Amino acid sequence: MGTGRVALLVLFSAALLQALLPAPAEGLVRIALTKRPAIENEERRRGFLGSSSNDAAASKEKTEEAAAEGDIVGELGGAGSCLHGTARLLAFQSTLSTLISLAAFQDNCYSSSILKIQDLHGKCFEVGKNFRRKPASIRYGTGAISGYFSLDSVKIGDVVVKSQDFIEATREPSITFMVAKFDGILGLGFKDISVGKAVPVWYNMVKQGLVEDPVFSFWFNRHAGQGQGGEIVFGGIDPSHYRGNHTYVPVTRKGYWQFDMGDVLIGGKSTGFCAAGCAAIADSGTSLLTGPTAIITQINQKIGATGVVSQECKAVVSQYGQQILDQLLAETQPTKICSSVGLCTFDGTHDISTGIRSVVDDEVGESNGVLSNAMCNACESAVVWMHNQLAQNQTEDLVLQYVNELCERIPNPMGESTVDCSRLASMPDIAFTIGGRKFVLKPKQYILKVGEGPSTQCISGFTAMDIPPPRGPLWILGDIFMGAYHTVFDYGNLRVGFSEAA
C-alpha cells in the first residue's frame, strides 16, 4: 500500500457490477453479479469467517474497459454527500456482517485527507488536520484490517443510504487483501455483532424506507459463462430466480444468519453426526462447504478425495478401538465414551478432572496439550464413525477396517482436497436436511473444476472446521450450496429460506 493510499475492502463471491438491467419493480434494489474464474478465487474458498456471517465477498475484473464503462454498484459521495462522488464502491457484503469497510485504493477513491465530513444529521462541516476519529479494527479468518470510523452517504444501486457509518481502512497487513481483487466489504448480518456498535447499512436501508420489504435474496446463475453471474435483490424476491416454494427455517442466533440443520446424507445414508441436529450459517463469503471433520472425512472417503494420514486417529483405533466398540454395543451414551477411556476431559455435559498436575506436567506444557487434544478429537470422530457403521449392521471387523481407512482421509488443514475428475459420474449425492426437507447436491455441483483441458484440476467442495459447543457443531453453507439453492434472508420475520435456483 503506497503512501497516502488506503484500500477499500469489499468482498463478494463475484464482482458486483452496475449492469444494464430492466427497470426494477418499485421498492426493489438490484445488484448484478459477474462471475470470476475459480483459479482467481483461491483465498476466498476458505471464507473470511472469523467475525463472519452470512455475508458475501466480492471482487471485480480490473480491466481498462470495465473501468471506463463505470462498473459501479455503489459509491461514497451520493446525493447529499460531502464528497460529491469522489469515492466508489465496486462490491458489497462481507463475511463481517456489521458495517461497510472502505478506504482509498485508487486515485478516485475516498481519501482521509478530505477535511469536510458529515455529521449524524447529514450536514457537512469542516474539521482541522488534527481532528481525531474513533479507531476501528477487524480480524477475519484470513486477515485483518484497521483504520477509523467515518460517516457519509453511500449509494447502493440506485438508492442513497444517508449518514452511514463505515470503516476507512488505513492498514491491511494480510496478504489476502494485497492480492485479492476487491475494494470493500459490506456486511448484511445483524447489529448484535457490529464492530463499534455501528448501524449496518441494511438496517439503514430499511429504516430510511429505501426498500419495500425487509428482505434480501441471493441468486447465483450457475448456467452463465462469463456473463451475468446472478443478482442480489434488496427489498424482496424475484420469482424468476427460483423454482417451487422456499423452505423457511427460523434464525436461532442473531449476529450470524444461523439456523438449525439436521442430518447430512452421503448417497442417501446417514453420516450420523448431525442426526440429532447441528447449527448452520448461510454465507456467500465462503466458497466451499465447511463442516465437522467427522463428516467431511466420510465424504472424502466416498468421493476419493486426497487427505492426510492421522497417526493419532490410527493410535486410537489400534489401542482403544475394541473398547469403544464394546461400549457402543453396551449402549453407552456416545458423548461419554472418550472421557471414559481417558482420552477426553469432557463427557458431553461437563469437564472431568484428570487429576492433580505435577511440576513435570507443567514443564512439558504445550506440546502435550496439543497431543492430548488431537487424541481426544480423533476419539470423538472414531466414536461417530463406529456408531454410524453399527447402525448399518456392519460387523466389528468391518467397522474397525472402515475407521482405519477414514484415518487416512483426514481433511488437509492446510488446503483443499483434490479428486480424480474422471470419477465424477460415480460419486454420490450429498444431501443436507433443513426444515425437514432434503437439499441434494450432485457431484457436478460440489466439485470445483480449475483450469481447462489436460491441466484441469478437480477440487472437493468440502473443507473441515470444528466449532465446539455451545456454538457448534456448525456448518457453513457457502457459494456451492447457495449456487444450487436460491437463498432468502427475511429480516422482518427472522428466518432464512431456500428453494431450487433457476
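Every residue number used here counts from 1 along the chain in the order it is shown.
Glycine is no exception: its Cβ is also placed from the backbone N, Cα and C atoms.
TrEMBL annotations: computationally assigned, not manually curated.
According to TrEMBL, the features are:
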type	residues	note
DISULFID	Cys274-Cys278	disulfide bond
DOMAIN	1-499	domain 'Peptidase A1'
DOMAIN	308-348	domain 'Saposin B-type'
DOMAIN	372-413	domain 'Saposin B-type'
SIGNAL	1-27	signal peptide
| request: Sort out the residues at least 6 away from either end of the domain 'Saposin B-type' (372-413), same chain, that have Cβ-Cβ distances under 8 Å to it, and list them. | output: 269-273, 293-294, 296-298, 300-301, 305-310, 312-317, 320-322, 324-325, 328-329, 334, 337-338, 341, 343-346, 462-464, 466
| said: Counting only residues 6 or more past its boundaries, what in the same chain has a CB within less than 8 Å of a CB in the domain 'Saposin B-type' (308-348)? | reply: 354, 371, 374-384, 386-387, 390, 396, 399-400, 403-404, 406-408, 410-413
| remark: Summed over the domain 'Saposin B-type' (308-348), the DSSP helix, strand and coil counts are 26 helix, 2 strand, 13 coil
| Roughly where does the domain 'Saposin B-type' (372-413) sit in mean pLDDT, to the nearest integer? | 93
